[in-house]
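Beneath this line is the structure, given in structure tokens, with notes to follow.
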Amino acid sequence: MKIFSQLLVFRRFLLILLTPLLLLPLPLIIRTKEAECAYTLFVVAIFWLTEALPLAVSALLPALMFPMFGIMASKQVASSYFKDFHLLLAGVICLATSIEKWNLHKRIALKMVMMVGVNPAWLTLGFMISCAFLSMWLSNTSTAAMVMPIVEAVAQQIIKAEAEVDALEMTCANGSTNQALELDESISECEASDWKEKTKQANGYNKDVAHTVCKIEKEKQNPPPTETGRRYRNQKDHMMCKVMCLSVAYSSTIGGLTTITGTSTNLIFAEQFNTRYPGCQCINFGSWFILCIPITIIILLFSWVWLQWLFLGFNFKEMFQCGKAKSAREQAAAQVIEEEYKKLGPVSYPEIITLVLFILMALLWFTRDPGFIPGWSSLFPQYKGFATDSTAALLIGLLFFIIPAKRVSRTSNGENTFFDYAPLITWKEFQTCMPWEIAILVGGGFALADGCEDSNLSVWIGSKLTPLGSLPMWLIILISSLIVTSVTEVASNPATITIFLPILAPLAEAIHVNPLFILIPTTLCTSFAFLLPVANPPNAIVFSYGHLSIIDMVKAGLGINIIGVAVVMLAIMTWVVPLYDLYTYPAWAPILSSVNNTGP
């Protein structure tokens, strides 16, 4: 047992050591460029799936192994690590940094929730819409980390308000106060400190939110029943907290599907697709938004219904009853949200400038090459294809470093008051928000894709997958979608999409179907990591608040996964077909010498 425990401690080291050694017969025995590239691909994929090494470190292995095997020269493979994707990412992170620095994201979230209403079901929907909208432009992790403290404060205030109402009713009925029904509102200094520290470590949100939390019990290994009972008055309160937490996690992920910049998997797909098929100009910000906005809305609504039904029951009559007086729960929620919004104060000058630049960036993306009308890129006909979405992102991103964060104000006697010049964001602030690990990971994926092309491994894979052309098209799409949905639960989303894109693109070419027919649903399903707390960062953030168990997340996530795959299948077989003419093998895709011409 002692030896086994020691091996368990060094399992990552053993995995790093044994993986290359056990796979070494592949290049030594076969001795072809395809086998050597496959060896590199397997080693990197295993390290990515197991995270034996940090993802970015594993992504650097192709830069070492391809020159050693003679697949690509070092200068050539190095150039694969920096693409148009990285410029687009830099521009988007400039926007996200300014939005988070000036609390524009918090104002948008609270305003949306206030507009929807404070009925528990509508309140949950409000949080889901807010998270989904924010995650279109910010990272899913930042969105969940920002909204969860607000959700926690609202949930605890609701529990406190209803307890006070119950205690008041008991006082009126019995003529005395029932101490057993009153909440202990005092939080000891130690507990408050522990909660603040836990919030900072668990979700990265370092604002002081302790004053908004009405009652947080210090978590212990085995809390006694009396302490456990203090947190939730009854089972319904516990279920409400579960629904609100899960709604934040899932909507943060679902919203990211909508835009090319919403999640790293979309960006990786767009860059790898445009690199492999340079003749296709159909994947851009506008076309992807038109494709995915119906998918996002449908999945979001069905997910809301599923979570309500699973944990609280879905009472349509109560939800849509007009003129009904607000309950104590609703009044408490409205009060917390209004107080949080008032704390933001009036809209500041940096918030206005950030919002203007945000709208301008979105307009430039939409109007670059909308398809149905000429876009602004047509103003440069001699340089067709030179300007991309990254061009607009960089233009706006640079303005965040130029526009001053404070404006000149006038005193009462009309004199100007000048401040020290400081831009909307600084380089240090940009660096803290820039996901360098994702940037290097994506570069490693591009290097692997280029290596598969240069070694003819992708052609070999495509020839072996040709028999799949005898299956119905919908079954091929369903199988590939289910595979990536399963793998992404135990591996990171960027690693999953980076591994499968070089495999599925040759599959589409081998069976002579439009590559978008398989790659679009696969890309979307890669984001469906809903089952486990470790599946993606938003799940881990909401799980750290202690309201959920793993079985809760598995039950809820399984339903969301089914909903997501079903909606994606519906989309790819209906409205996406005319959008990209999916039933026609495009001219920009390569014509293989021997293909199975079985159509969809």
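We count from 1, first residue shown onward.
Cβ atoms here come from the backbone N, Cα and C positions, even for glycine.
Range annotated as transmembrane segment by TrEMBL, chosen from 81-99, 100-118: 81-99. From the options 165-190, 243-268, 321-346, the stretch TrEMBL describes as transmembrane segment is 243-268. By the Cβ criterion (under 8 Å, sequence separation of 6 or more), the transmembrane segment (243-268) is not in contact with the transmembrane segment (347-366), since fewer than 3 such pairs are found. Within the same chain, the transmembrane segment (42-69) packs against the transmembrane segment (474-504): three or more Cβ pairs sit under 8 Å, each pair at least 6 residues apart. Contact between the transmembrane segment (474-504) and the transmembrane segment (556-577) is supported by 3 or more Cβ pairs under 8 Å, counting only residues 6 or more apart in sequence.
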